[in-house]
Every structure is written in structure tokens, then in C-alpha cells.
Amino acid sequence: MRQKLVIGNWKMHGSLAANAALLEGIQAGAGVARATLAVCAPFPYLAQCQALLNGSKVAWGAQDVSAEARGAFTGEVAASMLGEFGCTYVLVGHSERRTYHGETDQAVAAKALRALEFGIVPVVCVGETLAQREAGETEAVVGRQLQAVLEALTVEQLGRVVLAYEPVWAIGTGKTATSEQAQAVHAFLRGQVAARDAGVAGRMAILYGGSVKPDNAAELFSMTDIDGGLIGGASLKSEDFLAIGNA
């Protein structure tokens, strides 16, 4: 049975004082959480996460990583640097990166590969827009996004990846895919991975990332192929994040 995983994506939120209070609250309840908990913080706060969470039951990670190992890439952050700050996870291909920064499927795959090279688990995000869903293109879109990763990674590397399905139309909009809609896409994604390796597919955590809240988490997480959540707004309140972790 796959262990539930709940990752908080703070996006571009936080301050040293607010983070300290948030992490203290999360740690206080992490010991009894049913899911494994992690937070993905903005780069400047990774040292704070390392200092406050080291030795706790809460893991931490980053929200992006460079596909390059090192060099003259101003503004980029290397996977080796994330490793020095104890990052377990890194998000790659989040819809906001794809939309606002023009990240291609191939760039996302390259970032995932680089993270794995330095022992960091890439959380590969895929998802469709409202227009794509209404046009019946959901499987074609997420399948294409996933295929780039499947082609770039070996089976062994794929076994160290976490997937996250984030319907773009349900992020920050208050809209949520029904549990059945989400399950259908998760099952499709697992099937695509299974076509490469059934064992990896059976073990892979596939998270749901579309406006998960304390009042809908339990129903979503009860679905066969939903193994937890990638949490946005609700991860900024310790009580909400813990409630989701206990769903």
C-alpha cells in the first residue's frame, strides 16, 4: 500500500517570522499525521527550513531547479545547491512555471533528471487548462507532458519520481475537480507509467493539486489512485495543512 504524501507549496509567500510560526505549528501535529508531510519553500527560506525542520518528521524542498549543473546562468539555482540545504523534494513543471516562464515539456524532463542526479525527488507536475478540458483534450495534454519525462528517464530513475496532477482550471480558482474526475486522470497517468514499468507504476505516488482543502481532502484521498496532495493556499495555515495530512 502506498503511503500518503502531502506537500505544501508556499509559492511566493512567507516571511521569516511567519514561516517560523507556521513550521512550529506543523511540527506540533506532524507526529500524529497519517500522511508524510513536506513543505516546498521559496529559495531564500530553505536555510530556515533546514534549521527548524532538521530531525523532525517534516521534510522540505524547493519550488524549482535549474536543468544545468552549474555555470553562467544568472538567477538559476542548481540541484547541488538544493542538496546542501537538505532538500528532499523539488517541484518541476508546475503550471505557473509552464505558463509564466514558458517551460517546455522537455525542459521539465531535464530538470527532473538533474534533480535525480543529486538525490532529490522531483515532483513532476502535469495538468490541463479549462479550455483543454472542455475540448476533451485532458488525456492528450497530460499524456504528452508525462511522455517527455518517461522518455528522458530510466526505469530506475522513474522509480524515484513523484507525480502531481494539477488541473490548471482548479488552482486558486476555488473550483475543484470532482473526486471521480481526479481519479480518472490519476488512473490514466498510472496506466501510462505502467506501460513503461508496472512495478514502478504500482509504487509511484501520484498527488492531486487542485484546491485541496480540509473539507474535500478525505474524499479525494479515498480514491484508488490519489496518493495525497500538492497543497497551495491551505498549506499556509498549519491547522488546515495538518487537517489535510490527517484526511
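Using the three backbone atoms N, Cα and C, a Cβ is placed for every residue, glycine included.
Copied over from Swiss-Prot, here are the features:
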ACT_SITE  His94  active site, electrophile
ACT_SITE  Glu166  active site, proton acceptor
BINDING   Asn9, Trp10, Lys11, Gly172, Ser211, Gly232, Gly233  substrate binding site
(message) Counting only residues 6+ away in sequence within the same chain, which have a CB under 8 Å from the CB of Glu166 (active site, proton acceptor)?
(response) His94, Ser95, Cys125, Val126, Gly127, Tyr208, Gly209, Gly210, Leu230
(request) Could you list the residues of the same chain, at least six apart in sequence, whose Cβ is under 8 A from the Cβ of Lys11 (substrate binding site)? (result) Pro42, Gln63, Glu96, Gly232
(request) Tell me the Cβ contacts of Trp10 (substrate binding site) under 8 Å, same chain only and six or more apart in sequence, or just say none. (result) Val39, Cys40, Ala41, Pro42, Tyr45, Gln63, Ser235, Leu236
(request) For Ser211 (substrate binding site), name the DSSP secondary structure in the helix/strand/coil scheme. (result) coil
(message) Among all protein chains shown, how many Cβ atoms are found within 10 Å of the Cβ of His94 (active site, electrophile), not counting that one?
(response) 28
(request) Check the binding-site residues Gly232, Gly233 for other C-beta atoms within 10 angstroms of each C-beta and report the one with the most. (result) Gly232
(message) Using a 10 Å radius around each Cβ and all protein chains in view, which of these binding-site residues has the most neighbours: Asn9, Ser211?
(response) Asn9
